[in-house]
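These come from TrEMBL:
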- 56-138: domain 'GHMP kinase N-terminal' (DOMAIN)
- 85, 86, 87, 88, 89, 90, 91, 92, 93, 94, 95: ATP binding site (BINDING)
- 201-262: domain 'GHMP kinase C-terminal' (DOMAIN)
Ligand code: HSE
């Protein structure tokens with residue numbers, strides 16, 4: 001039996017479009033066994049429709065690795081128990097892909113390296129900013145250059161809370177990317193380079209008062225916010241309530257605030273703020289996961 005635990009992730013972090021991401025202590029857990037034949041998929045605790053045939057994302061990720069390694073299991077039983085809400089901007093797809101790939105690699109005798117797993121995952125997702133922290137944990141800077149993906153995973157101090165605010169509707173990444181322009185101005189590009197660099201400096205030096213300016217973005221949030229009712233009001237309220245930095249998590253619709261302290265007062269205040277909102281926003285307090293994916297194997 002192969003067990004894999006993969007963390008949720010929050011990509012972009014404001015200005016770091018397709019580049020920055022962080023792993024969070026909310027998990028997808030897979031239990032995978034080779035069987036004598038057929039495909040048996042059991043999904044528990046999911047917050048959306050999960051396919052139980054060969055179109056299942058965990059299965060597709062496994063198949064991608066088997067095509068690489070040449071290993072062919074007779075049959076497979078895949079059990080997934082995921083606490084990561086689907087299509088909300090918290091890396092649920094990456095968790096399926098990385099989890100499936102690590103499990104398939106273990107069944108194949110671990111012939112593929114982690115950097116190669118990340119490249120295969122990036123090929124499936126199109127961008128590495130969720131897959132990298134899902135695999136390595138921490139705060140990740142990822143760069144895709146040609147076929148290679150370069151990653152630096154930076155382990156953060158345990159003094160920040162990540163308040164994840166999740167509405168009851170979803171926005172598919174494909175649709176949300178479709179809202180983005182093909183070209184941006186030099187001014188906006190320079191704006192984002194400066195903010196992304198400052199965000200990294202603030203997170204790694206602990207100068208958290210600089211996070212707010214470091215989380216500003218002009219490349220994607222201004223185009224995506226129309227999918228989220230009351231986006232500007234929510235952002236403003238998080239800052240009134242003590243957020244150090246607020247950004248759209250991945251392609252949304254989840255909104256993330258970074259906090260110092262235990263976050264309890266922030267959560268209470270945001271829940272009161274959302275109590276009038278028709279979209280039943282939930283606020284969860286998470287922490288950075290510095291570990292990344294964990295795999296264990298028991299031989300029967
Ligand atoms: N960087 C990707 C995007 C993340 O913004 O579309 C998707 O979760």
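Glycine residues also receive a Cβ, built from the backbone N, Cα and C atoms like all the rest.
Automatic prediction, not curation, is the source of TrEMBL annotations.
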Of the residues in the domain 'GHMP kinase N-terminal' (56-138), how many are helix, strand and coil by DSSP?
47 helix, 8 strand, 28 coil
Around the ATP site formed by 85, 86, 87, 88, 89, 90, 91, 92, 93, 94, 95, list the extra residues of the same chain whose Cβ is within 8 Å of the site's Cβ centroid.
8, 84, 130, 250
Could you count the residues of the domain 'GHMP kinase C-terminal' (201-262) that DSSP puts in helix, in strand and in coil?
29 helix, 9 strand, 24 coil
Segment-level pLDDT (mean, integer) for the domain 'GHMP kinase C-terminal' (201-262):
97
Among 85, 89, 91, the binding-site residues in question, whose Cβ has the most other Cβ atoms within 10 Å in this structure?
91
